[in-house]
Each structure stands twice: as structure tokens, then as C-alpha cells.
């Protein structure tokens with residue numbers, strides 16, 4: 001059975017055409033390098049290429065047999081298939097035609113349509129197909145060693161990382177469920193919720209300028225209960241737990257990675273040396289590209305990145321404006337349900353709109369990040385990948401989180417007060433928080449985005465390649481000729497069927513694995529940064545990942561062409577990105593508890609203004625009277641002329657009721673901030689500083705306490721070095737004796 005390293009596909013061009021001559025020149029260059037080329041004609045032209053053995057012997061000489069652990073023991077001289085493919089791919093990509101064109105340029109000019117390594121019918125692939133790339137294998141352990149033998153180290157490390165992350169997510173998910181259940185037990189027992197539910201004489205100021213009635217605080221009883229289900233003491237503990245979890249996860253991953261990579265003999269592998277060896281194998285006259293740095297170019301790129309971030313924040317502002325206008329329109333609707341639930345409906349439709357902007361902007365961000373990468377002129381592919389990773393992650397972070405940041409930290413804090421509202425275009429007033437806090441809005445937004453991202457995105461991620469594969473199969477199969485009487489059928493080349501079936505699979509690009517990493521790191525950000533507002537995030541992520549592992553496996557083994565295996569001994573720049581997310585998680589959760597949550601105002605009330613503090617009583621709940629204390633008084637006569645003052649509620653006398661209440665700490669006469677406001681402000685600040693310092697100290701202690709490299713790996717490397725030196729000495733002594 002003939003083995004071919006790569007297949008090039010081309011349209012059938014006219015004899016003597018420019019494309020045909022370009023193709024011939026490229027194939028001639030490969031022949032000069034000793035490549036064997038086989039041509040098969042169908043609806044397209046297929047060229048199988050096989051590299052000569054001397055190329056691989058050069059590689060083994062230059063790098064001292066780096067793949068000893070991957071070699072097939074029955075054939076000691078053989079080089080692993082993954083390394084063969086990688087070397088041949090490098091030579092194909094860097095072979096210059098006499099017109100100074102590379103394969104990349106020829107594909108752009110439609111001389112060639114595709115170039116890909118083949119999925120072989122080998123034992124490893126059959127094993128992966130049967131045991132790993134199937135839905136029924138969801139709970140079985142991953143065959144990392146087999147993945148490495150077939151797809152290379154980079155893919156194997158991705159799956160090792162994803163498996164490890166999912167495993168530890170189970171712990172975080174359990175803690176999240178416990179926190180959520182603790183919240184449900186408080187559903188009706190919270191003193192604050194009880195006060196809101198009994199406040200049927202507290203008249204609240206209208207929520208909009210026209211057609212909005214006065215309303216009674218007790219109308220929002222259920223909403224208050226839901227808020228206190230999320231916003232309680234357990235959430236604070238959970239937020240600290242998640243900050244520690246993020247650190248422990250990364251530290252344990254570093255140990256896991258060291259163990260895995262040491263087992264592959266790649267712990268001290270040098271990427272730069274590998275790249276130089278590949279270049280020299282391809283071209284002996286190759287001169288290395290030297291390191292360069294241009295401050296001018298870096299400044300331009302930095303300014304363009306900042307400009308893009310401003311655009312993304314502008315999109316978040318547009319979403320805010322949408323919600324403001326939507327609330328105003330919903331409150332004027334003829335449907336009673338829409339009128340009553342105007343705020344919630346605006347938040348929910350806003351969240352769906354936010355999801356759509358995420359989908360659209362992801363495509364835009366990718367183009368911009370690639371353009372900026374090309375401006376920087378990176379020296380190597382791995383450097384380009386690192387630069388691209390940082391840019392795309394930054395853009396995706398702002399795309400995904402700017403709207404959440406607004407809801408968490410600005411909603412209801414910059415909207416003014418009755419009689420003096422902040423307005424958009426002098427007309428629509430900004431949204432307000434519910435009297436029981438803004439955290440439920442954040443909860444709804446997080447829940448909708450995470451559910452949509454994980455359901456729709458995963459379904460599309462599987463369906464699009466599956467449908468595309470079926471369509472290609474249907475179109476590309478040549479129709480069988482009807483046999484003439486007495487005509488004998490020509491025997492079909494055995495390679496033809498294999499090459500065709502590989503061509504019908506979906507194409508992969510250099511960023512295929514990158515996309516999977518990006519998706520997971522954004523999910524990791526959702527799971528850690530605002531987890532205080534949405535304790536179920538780790539649970540959703542956990543279930544998503546169980547499917548994600550097998551979804552990616554099915555795509556790689558069954559639906560996509562074979563990836564070019566890449567060598568790696570870690571997950572690259574992603575580790576720094578994950579560490580940055582860990583620090584952002586501490587800051588984010590600290591801010592959610594200090595600013596978004598009602599935890600601090602309630603503690604200040606309990607210890608300074610409550611019956612417990614004033615009268616030293618122990619027979620009452622210390623949060624009794626908190627709601628009345630947190631609402632300010634507004635005189636109805638002070639409404640702006642623009643406001644259409646509604647009719648008084650049934651059962652209340654207009655002449656007697658001169659005031660309405662709103663959520664703030666202001667005086668009743670001149671509406672300036674009260675002393676309580678400054679007490680709470682100081683307490684929020686103090687808590688934030690304390691929380692972040694404690695959490696960061698705990699992170700540092702955890703990072704110090706858990707060594708990055710297990711002792712067994714260190715000892716293994718030590719004994720390896722020792723035995724190598726002993727061998728050198730004995731060889732030297734033997735040669736001097738002789």
C-alpha cells in the first residue's frame with residue numbers, strides 16, 4: 001500500500017495557460033528536491049507527494065532523534081507520521097518557484113485549490129474513531145497518548161488542558177450549586193424580602209416620564225425574593241472560593257503539563273532550534289531572520305488597538321441606549337404584560353441583542369487582529385500566533401464583557417434622581433435599579449448570554465461542518481458511467497477513493513485549534529469574572545465542556561481534513577491569558593460584591609443604624625427597617641415640567657400623599673447626599689481594598705505552596721542529565737584508551 005505525505009488539489013486548467021505553467025513550475029521544484037509525485041485525474045487534478053528519506057535522516061541528525069518515544073519499534077529507522085507531515089508541510093509552504101512564488105501565493109491565485117495531509121486507515125485513527133470521537137464516550141477518559149500519535153503534541157495538549165479544566169470545573173460547579181441552594185432556602189425567610197412584600201403603603205416614584213403610574217413597593221415582592229436568593233452572604237464566600245479555585249486550577253495544570261510533557265521527552269524542547277533545523281533542511285543557504293523591534297510600529301499598533309477598544313465600548317453604549325428606549329416604548333405599550341414587566345423585557349431583549357453583536361463582532365475582531373499582526377511583521381509563525389492571541393482576546397473580552405461591566409457597575413448609579421434625571425439626547429432617562437438591587441439584572445444578562453453561547457454556538461459548531469461535509473460528498477462524487485455492452489471496467493486506482501474522501505472533508509486552517517482555545521478561554525472568563533452574580537456559571541460550563549471535548553473530537557476525526565501536526569511543550573501564550581483572567585476575576589468579584597450587591601449597605605445598616613446597634617436589642621432581626629432606611633423621600637411638587645405626573649393610586653388620597661420614595665441616600669429638603677451615603681461609600685471602598693488584597697495574597701500563597709513542576713519530573717530530568725554525562729565520560733575514556 002503506497003503511503004503519501006500530502007495531496008495537492010488543482011482545477012483542470014487549459015494546456016499552456018498561465019495557471020497550468022505555474023503549477024508545473026512548482027511541481028518541478030518539488031521533483032528537484034527528490035519528491036515523488038503521483039497524478040490522478042478526476043473532476044479535479046490530485047497530486048500525491050512523498051518526500052525522500054534523506055530529508056528525514058537530516059532532521060534526525062540535526063536534532064538528535066527527538067522523536068525516540070514516538071517511533072514505531074518494528075521499524076527503528078522510521079520517523080513518526082506526525083513529524084513526517086510537519087516536515088513535508090514546512091517544505092511545501094517554503095518552496096520557491098522561479099517566479100518567487102510560494103504555495104500560499106499559488107493558492108491565492110487559484111493555481112492550487114487545497115493542500116492537505118491524509119487521514120490514514122491506520123490503527124490509531126480507527127481506535128480514536130471508535131473509542132473517542134463518539135457521543136457515547138462522554139464520560140470515558142481521553143486517550144491523550146493516541147491523540148498525540150495522530151494529531152501531534154499541540155492538539156494533544158489542548159485536549160489534556162480541556163480535560164483537566166473540565167475535571168476541576170466539577171468542584172467549582174458543586175460549590176456554585178451549594179451556594180445557589182443556600183440562596184433558595186433563604187427565598188422567603190430574608191427579612192429584607194419580607195419588608196418589601198409587606199410595604200403596601202410605600203408609594204414609589206414613577207419609572208418613566210409619561211404613562212408610568214406611581215406604584216407600591218410590595219408589587220415587586222417576587223423580584224425582591226429572587227434578588228436575595230442571589231445576593232446573600234454565601235455569595236461572598238463563593239466569590240473568594242472562585243478566586244482561589246482559579247489559581248489552584250492553573251497551578252495544578254502546570255504540574256499536570258510538566259508530567260505529560262516529560263513523558264514525551266519534550267520538557268527541554270527548543271522551538272527555535274526546531275524551526276532553524278526545518279529551514280536548513282528545506283534550503284541549505286537559509287539565513288535566519290534576526291529579531292527586530294520597531295517602537296514606531298508598536299506605537300501605531302497600540303493606537304489602533306485602543307481605537308478598536310473605543311469602538312467596542314461604543315457598541316456597549318449603543319446597547320445601553322437600546323435598553324433605555326426599549327423601556328420607554330414598552331412602558332407605553334397597549335399590552336399590560338409588557339407595561340408591567342418593561343424593565344425585565346428590556347434587559348432580556350438587550351441580552352439577546354448583545355449575543356448577536358458578539359457573533360457579528362467576533363468575525364470583525366478576527367479581521368482587525370490579523371491586519372494588526374501583519375503590521376507588526378512577526379519573525380516566526382509562533383510569534384505571529386502569540387501576537388494574534390493577545391489582540392483577539394483583548395477585543396473579544398471587550399465585546400463580551402463591556403455590556404456586563406455597565407450593568408454591574410454603572411446601571412442605576414449615573415441616572416440622577418427624581419426631578420433631576422440624566423437623559424439621553426435630553427429626552428430618554430437612563431434606567432434605574434430595582435429597589436432591591438441591580439444584581440438580578442446582571443444574573444439575567446449572564447444567564448441568557450451563557451445559555452445562548454453554549455447552545456446555539458455548539459449546535460452551529462457541529463451542524464455547519466456536518467452539513468458542509470454531506471453537501472461536498474453529494475456534489476463531488478462523479479457519476480458512474482453506464483457500461484457499454486461488452487466493455488470492461490477499468491480497475492480504479494486504490495489511492496483515488498482515499499484522496500477523494502479526504503478532499504470531501506471540511507478544510508482546516510492554521511487557526512482551527514486557536515478557535516477552540518479562544519472559545520474555552522472566553523468561557524473561563526465568564527465562569528470566573530462575574531461568578532458572584534451567577535453562581536451557576538461553573539455548572540453550565542461543566543456540562544458544556546463534557547460535550548465540547550467530544551464535539552471537537554468528532555470534528556477533527558470524522559468531519560475535517562487532517563490537521564498538520566504541530567510540536568509544542570505547553571499551551572503557549574494562553575497560560576498568561578488565563579493568569580490575567582484570574583487576576584481580573586479577583587477584581588471583578590470584589591467590585592460586584594462592593595458595588596453591585598447590597599451586601600455592604602446592609603452590613604453598614606446592621607452595625608450602625610439598626611435596632612441592634614441603636615438600642616442594643618437582641619430579640620429582633622438586625623436588618624429590620626433596612627428598606628425604609630435605604631429609600632429617600634421626593635416631594636411630588638418638585639417633578640420636572642417634562643414629567644407627566646400620573647394619577648394617584650386607588651386607595652390613596654392625592655391631597656394627603658405629597659411624597660414618593662426612590663432608591664438612594666439623599667435628604668428630603670435639598671436632595672443632597674446624606675451622611676449614610678458617605679458611610680456606605682467608605683465601607684464599599686474599604687471592603688474592595690481588603691477583599692482584593694486578601695484574595696491576591698491567598699492566590700500568591702497558593703501559587704507558592706503548589707510547585708509548578710512535580711519532584712518526580714525534576715528527579716527524572718536530573719537522572720537523565722547524570723546518565724548522559726556518564727555516557728559522554730565513558731565514551732571519552734574508551735576513545736583515549738584506544
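One is the number of the first residue shown, and numbering goes on along the chain from there.
Placed from the backbone N, Cα and C atoms, the Cβ positions cover glycine too.
Noted in TrEMBL for the protein shown:
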- 77-144: domain 'Anoctamin dimerisation' (DOMAIN)
- 147-717: domain 'Anoctamin transmembrane' (DOMAIN)
- 155-184: transmembrane segment (TRANSMEM)
- 234-253: transmembrane segment (TRANSMEM)
- 299-325: transmembrane segment (TRANSMEM)
- 388-411: transmembrane segment (TRANSMEM)
- 521-543: transmembrane segment (TRANSMEM)
- 573-600: transmembrane segment (TRANSMEM)
- 685-706: transmembrane segment (TRANSMEM)
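Counting residues 6+ beyond its ends, the transmembrane segment (234-253) has Cβ neighbours under 8 Å at 161, 164-165, 168, 171-172, 175-176, 178-179, 182-183, 528, 531-532, 535, 538, 575, 578-579, 581-582, 585-586, 589-590, 592-593, 597, 599, 691, 694-695, 698-699, 702-703, 706, 708 in the same chain. Taking every recorded stretch in 299-325, 388-411, 521-543, 685-706 and counting its Cβ pairs under 8 Å to the transmembrane segment (573-600), the highest total belongs to 521-543. It is 155-184 that, among the stretches 155-184, 388-411, 685-706, forms the most Cβ pairs under 8 Å with the transmembrane segment (521-543). Within its own chain, the transmembrane segment (388-411) has Cβ neighbours under 8 Å at 305, 308-309, 312-313, 315-316, 319-320, 350, 354, 357-358, 361-362, 365-366, 368-370, 372-373, 431, 433, 438, 441-442, 445-446, 449, 511, 514, 518, 521-522, 525-526, 529-530, 533, 572-574, 577, 588, 591-592, 595-596, counting only residues six or more beyond its boundaries. Note: the domain 'Anoctamin dimerisation' (77-144) comprises 34 helix, 3 strand, 31 coil (DSSP; helix = H, G, I, strand = E, B).
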